[in-house]
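Q: Got a structure for you, written out below as structure tokens; questions coming shortly.
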Amino acid sequence: MPHDGHDHDHQAVPSDPALRVKALETLLTEKGLVDPAALDEIVDTYEHRVGPRNGARVVAKAWSDPAYLERLRTDATAAIAELGYEGRQGEHMVIAENTDTVHNMVVCTLCSCYPWSVLGLPPVWYKSDAYRSRAVIDPRGVLADFGIRLSDEIEVRVWDSTAETRYLVIPQRPAGTEGLAEDQLADLVTRDSMIGTGVALSPAEAGR
Amino acid sequence: MPSDTRRAVPAPVPMPERPFEEPWQAQAFAMAVHLSETGLFTWAEWTETFGTVLSMARTAGRPVDGAAYWEHWVTALEMLLAARGEAEKPALEALKEAWAEAYRTTPHGTPVRLGAS
């Protein structure tokens, strides 16, 4: 936090955007359009309660339970809601399954649409201009920057998220994980693997 | 699309990552979510406005990443609320100045409030 201590008697004036936000919040609260308690709840949810662990549970279940995978394919929004994860704006969830021949990757070229209910809020790089502009033009180059090198036979599909439709990549299940329970499998599922800029960890990489 | 597409994507950061760097970013985020939930605008209207603000900034050669991303978020919120007739510029400017004044005149250790003077 900016706190320079120049003024010992009074308080440091916040930055310009911070003041603009305070002005908006004050005005909207006065008009009854904003409930400060509701704002606190939203911030708390996304700072502490919702994150990629949710998506990892969805993926681990999809790997372990063929019937669940089938439900995800048919209606991902409903199948994800079975685990208690529901989108705030009622957006439609779609899964994109990686296979031996297809690698999926998700971007939002417009702004930063992202499946909050399963991944939390997007990382800084997902919102960056570089990622948003390059993911569609040069997905293999972007993947290489993330340390992912795919053979030429693998087709890369890029999915552009919107306000209405959000994608969750189901990474391939790593080899040597046959005996693992869902909880253990979930530890292998990284956030980036569910955006498609990573792959799931091997048990050795996850320290198992 | 910008012609300069060769810039490297920043290296992935290991999770977990804090979603907000500063409290005002979290508040701005929450206001947009809250107002879409209460129906003042739809989320599609939000993303369209925000996307337009981002692309205007990019076209003008201004930064769009990091802290700038959240400043554009605030701009989009102001624009959408102004379009709804719910946040006129003079009212916001006056409140902004009132808050700045409240910080300047509130002693350390005391909660900063509006209209205390």
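Glycine residues also receive a Cβ, built from the backbone N, Cα and C atoms like all the rest.
So TrEMBL lists the following for this protein:
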- A:16-197: domain 'Nitrile hydratase alpha/Thiocyanate hydrolase gamma' (DOMAIN)
- A:C108, A:C111, A:S112, A:C113: Fe(3+) binding site (BINDING)
Q: Counting other Cβ atoms within 10 Å of each residue's Cβ, which of the binding-site residues A:C108, A:C111, A:C113 comes out lowest?
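A: Among the binding-site residues A:C108, A:C111, A:C113, the sparsest Cβ neighbourhood within 10 Å belongs to A:C108.
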Q: Within 10 angstroms of the C-beta of A:S112 (Fe(3+) binding site), what count of other C-beta atoms is obtained when all protein chains are considered?
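A: I count 21 other Cβ atoms within 10 Å of it.
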Q: Under DSSP, is A:C108 (Fe(3+) binding site) helix, strand or coil?
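A: Its secondary structure by DSSP: coil.
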